Amino acid sequence: MNNVLFVALGGSIGAVLRYLISILMLQVFGSGFPFGTLMVNILGSFLMGVVYALGQVSEVSPEIKAFIGVGMLGALTTFSTFSNESLLLMQEGYLVKAILNVVVNVGVCIFVVYLGQQLVFSRY
């Protein structure tokens, strides 16, 4: 039951962060491309790499893993919104933007997971 509370707390923080980042990206870049989703996915992927690597090189408690990995990052990143936005771009006739959205989200997020891991591994 303890871990459930950590997931809930982390999830509430991740959801608020997602909301604030999405608003910021909309204000900065406008609504022509789903930059908010892209940014939360990049940030969440990087942090997932860091958390994973920290778990490999040191003891990370189950509560911290639940709080960050499942709760905060689970609420911060979103595959369903990314998928819906990509489909909407296609349906609206923006095929190049849709393909770019998919390639950039997947490619960059895999790369920043790697960067997060390397950041931790280079220090241990």
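First residue shown is number 1, and so on along the chain.
Cβ atoms are placed via backbone N, Cα and C, with glycine included.
Source: prediction; values computed, not measured.
Under the heading transmembrane segment, Swiss-Prot lists 5-27 (among others).
Feature annotation from Swiss-Prot assigns transmembrane segment to 42-62 (among others). Here the transmembrane segment (42-62) has Cβ contacts under 8 Å with residues 3, 14, 21, 68-69, 72-73, 76-77, 108-110, 112-121, 124 of the same chain, all six or more residues outside its ends.
Summarising the annotation, Swiss-Prot assigns transmembrane segment to 63-83 (among others). Listed by sequence, the residues of this chain that lie at least six past the ends of the transmembrane segment (63-83) yet keep a Cβ under 8 A from its Cβ atoms are 2-3, 6-15, 17-18, 34, 37, 40-41, 43-45, 47-48, 51-52, 55, 101, 105.
If you look up Swiss-Prot, you'll see GLY74, THR77 marked as Na(+) binding site, on the strength of sequence analysis. In the three-state DSSP classification, THR77 (Na(+) binding site) falls within coil. Non-local contacts of THR77 (Na(+) binding site) by the CB criterion (under 8 A, 6+ apart in sequence, same chain) comprise ARG18, VAL40, ASN41, GLY44, SER45, MET48.
The feature transmembrane segment is assigned by Swiss-Prot to 95-115 (among others), with sequence analysis given as support.
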**Asked** Near GLY74 (Na(+) binding site), which residues of its chain come within a Cβ-Cβ distance under 8 Å, counting only those 6 or more away in sequence?
**Response** VAL7, GLY10, GLY11, GLY14
